[in-house]
Amino acid sequence: MAKIKKKGTSGAAKNYITRTQAVRKLQISLPDFRRLCIFKGIYPREPRNKKKASKTSTPSTTFYYTRDIQYLLHEPLLKRFRDQKALSKKIARSLGRGDVGDAARLEKNNAPKITLDHIVKERYPTFIDALRDLDDALSLLFLFANLPSTANVPPKTIALCQRLCHEFQHYLIATNSLRKSFLSIKGIYYQATIQGQDILWLVPYRFVQQVTGDVDYRIMATFVEFYTTLLGFVNFRLYTSIGLVYPPKFDSRSDERGAELAAFTLEGRKVGEMQKAISSEPQTNGQLAKSDSAANDIQAKVDNILKETTRNNEPDDEAVDVEDNVDAIDKFETTAPEADTLPQPQMSGNEVASLFASFTFFISREAPRGPLEFLLRAFGCKRVGWDAVLGEGAFTHDETDPRITHQIVDRPPLPESALPPLPQNPGEGAEKAPRVRPGTRMPGRMYIQPQWVWDCVNEGKLLRHDLYAPGATLPPHLSPWVKASKGGYDPRLSLAEQESDGEAERQAEEENEEEESEVEGLSMDKEMVETENSEAGESDEESVDGGMDVDIPGSDDEEEESEEDNALRELGGSDEAADVQSESEDDEEAARNQHQMELEAEAAGLPFTGADGTGTSSKKSKKQKPLAKKHAAQKKKEQEELERQKMMMSRKKRKLLDKMLYSNKKKDEEAEKLRRKRRKIEQGTKGR
């Protein structure tokens, strides 16, 4: 006889454990358990059947894998948490005795320090794994770097996040690893490629953030504590991989005066220092290390060899011309008009990296200096100036500098009379650079709006300046990660290039019909008001006549006569009526339906807008427009052809085709809706 299984020893009851059981098993508090799970990357699980997973009658809401909790039993942080718990008891005991000094001494000297280095190495065995998990870390750290300091967000945490983020930005600038950027409602998206891994993160706009109380900053602070350690490891590895010293030199005074990126100074590892480090190591064979003079002699010989090779490899002018022609990017064009668009080769990374290298930019004080400076420097610009109000670290604070080739402005063009006058005698502490009147144009300089920088970066080339001039209507700013699909709406193209045949004419006909129906509705409302007034007058006359019945045209007697005439026509009492009925059956059916709708509307007390009393609207509704009729016939023909083709398919392929057709239909309807909206806007603009 088989042994009876004990309940709760196998299946879901064994694989899952509740949060209360896990906390009791680890012997730590619930907040420490949350922190430990965040550090180790352990999150709750959802069993298929909560009743089977729970060993009690009351179903629990939070479950974890039993093997994950068993794995946490060997974590060194548990000892730190228990030491912190014991220290808290000692501090509480000292405060209970009134010994505040002893409590402060215990907190200062005996507080356990928590390090997360081993957890970072454990969770990310390779550097590529750390890069793949860097998206959320960058988004959260950039968020905290822009938050105001509160009791929940101390200034020390904000300063640490800002320093790590600026160090990461300096690496992107030094290696030209930034690829795309997009301005959205949530903030600014950036995408960089590091060692073949695409990293996408979000940076909020620098508005005044209102910190609310419904956000649990303790949980977010735990993530920040782990992500700062992770980003510190990543920055160290990135800097050392390109031969830079980490951490870079940081000038706190410049940072206090708003230098931001300019407060950091990057330094490369010197060859002499590396040789000294190598020479100071003990030799295994007992020989002494080489002296510095010998190392310098070797380095001098290597430098001479490199100079000779570079001198011999210098090409002539003709060779350069040939290489330029060879390296030119070919453009692949389709021969057939209906062929697919061939993917075109793009510029190399070096050309895109030096996109703004030959320009000198000046950022006006109303433009966002931080993201613009980062983008311009990441794509090769070495000379970026801005107004002195925006902080230190600029190439120039003089707006009249003749070396400036592009000025980024984000202000509307105002008349000269609306501008305030400049102070003639600037007070003490004013800027030494001469002030320029707002709206003044300097000769030999391009004035552009900030979107020009983002669009040039996403397109990988310099765009036209006149489209982004101050006060001009900007082109649509599209996401660089969304590719235009065939048949979809593309705001960069004109309506004539993407609309179907006769789409504009059909929409014009629909608009005309809507206008006619609105006019007919207004006329019907007026007639209803007039009839109500006439009925009120007749009721007054009836009351004056003593309640006598008065024959009114269009009363029930006429309706009865019309019903009798219809009955006679059905019986065939009159040959002439039968001939009329055979010739105009459709007209009678339409009139009968219209009459029925009129009666229903009258009984409900609503105006009937389908007819104006003379029958002209019914004729208009019956008569279709030629373009709409032609389009409907074409659609019907295409649908019939498609149904014939579907008959030859299997059931599986037919279902797949139906899904594809349904999704394509939804996309076409959405694109047509957007084109219609744009057409109305353009027509309204032309009408003005």
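First residue shown is number 1, and so on along the chain.
Note: Cβ is positioned from N, Cα and C throughout, glycine not excepted.
What Swiss-Prot records for this protein:
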- 351-470: domain 'BRCT' (DOMAIN)
- 411-442: region 'Disordered' (REGION)
- 412-424: compositional bias 'Pro residues' (COMPBIAS)
- 496-688: region 'Disordered' (REGION)
- 496-536: coiled coil (COILED)
- 510-519: compositional bias 'Acidic residues' (COMPBIAS)
- 530-544: compositional bias 'Acidic residues' (COMPBIAS)
- 554-565: compositional bias 'Acidic residues' (COMPBIAS)
- 576-589: compositional bias 'Acidic residues' (COMPBIAS)
- 619-634: compositional bias 'Basic residues' (COMPBIAS)
- 627-686: coiled coil (COILED)
- 635-646: compositional bias 'Basic and acidic residues' (COMPBIAS)
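Averaged over the domain 'BRCT' (351-470), the predicted model reaches a pLDDT of 84. Across the compositional bias 'Basic and acidic residues' (635-646), DSSP assigns 12 helix, 0 strand, 0 coil. Across the domain 'BRCT' (351-470), DSSP helix (H, G, I), strand (E, B) and coil residues number 31 helix, 14 strand, 75 coil.
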